[in-house]
Amino acid sequence: MSSSSRLSSILLLFLFVFTLITASEGNFYENFDITWGGNQRAKILNGGQLLTLSLDKTSGSGFRSKHEYLFGRIDMQIKLVPGNSAGTVTTYYLSSEGPTHDEVDFEFLGNLSGDPYILHTNVYSQGKGNREQQFYLWFDPTKAFHTYSIVWNPQCVIFMVDNIPIRVFNNMESMGVPFPSNQPMRLYSSLWNADDWATRGGLVKTDWAHAPFTASYRNFNANACIWSSSQSSCASKSTNSLQTTAWQDQTLDAPGRNRLGWVQKMFMIYNYCTDFKRFPQGLPPECKRSRFL
Ligand SMILES: *[C@@H]1O[C@H](CO)[C@@H](O)[C@H](O)[C@H]1NC(C)=O
């Protein structure tokens, strides 16, 4: 083999490998824009397979999806800020835009080393939230990557952690409760300092001696309907999924209800649906069903 043909076959091989990487599933370059803290605090690494957000004394960082979705299943593996993360908040949520926006929220409130994170969740529909539920996790979310998922279809929104449902918001439009059903949403994530309220209501302050604080993301997967504003429709289904689960009509089956019951019994630390003091006029209408899924 001449040296020039060897060179061209090496080049071909490089091109081939490069194409494989750029076309691979869940690539962060293809699916996300860094919206905050670019270059210094937000980084896409390993050819787009890993993303890190960090927070230092100057500021935090964040990213958002290039696409807007209208129903789908979104999965992301996240490893949260380790060690003393008190005062930091890592958000991971779907949101539409405008005053009557819809939003499905995961927020991870950091803590002192050895003390548990709080997973804070909320659902906004037509601009109205106030539907908080909070949980401890059954593992240390800083030691390894875990999968946080949102299943969103016309029947319900399901929050899942490692494929275990932790919360369900059912479509109860028939009972007058708005449901996120017609506003396309983007996926967002950010890492920021919230030591004015996050850890024990703001009592524990962020310890900047431990900065920068870093959270890592990988294996993004959207098995979802991608919104196209020019056509006012879902133009394409993303195909970057090996999963065969049909999210389109997924609701909680009996094993799902059992697991949800286990999480709510063992790990739920706040539920707006049982906060009678907060709603002296009566609990919100969706609470009638959400306690007995
Ligand atoms: C931090 O740990 C304390 C003590 O275990 C706990 O009461 C609190 O809920 C934890 N989470 C936050 C965000 O403060």
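For all residues, glycine too, the Cβ spot is worked out from N, Cα and C.
As annotated by TrEMBL, signal peptide applies to 1-23. Sequence annotations record features per position, and here TrEMBL assigns domain 'GH16' to 22-217. Among the features that TrEMBL reports, active site, nucleophile is placed at Glu103. Residues annotated as active site, proton donor in TrEMBL: Glu107. What TrEMBL records for Asn111 is N-linked glycosylation site.
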Sequence-ordered recorded positions from Glu103, Glu107, Asn111 with Cβ under 6 Å of an atom of ligand 1: Asn111
In three-state DSSP terms, the structure that Glu103 (active site, nucleophile) belongs to: strand
C-alpha spacing of Asn111 (N-linked glycosylation site) relative to the residue listed as 'active site, nucleophile', in angstrom: 25
Other CB atoms, at most 10 A from the CB of Asn111 (N-linked glycosylation site): 21
Other C-beta atoms that fall within 10 angstroms of the C-beta of Glu103 (active site, nucleophile): 18
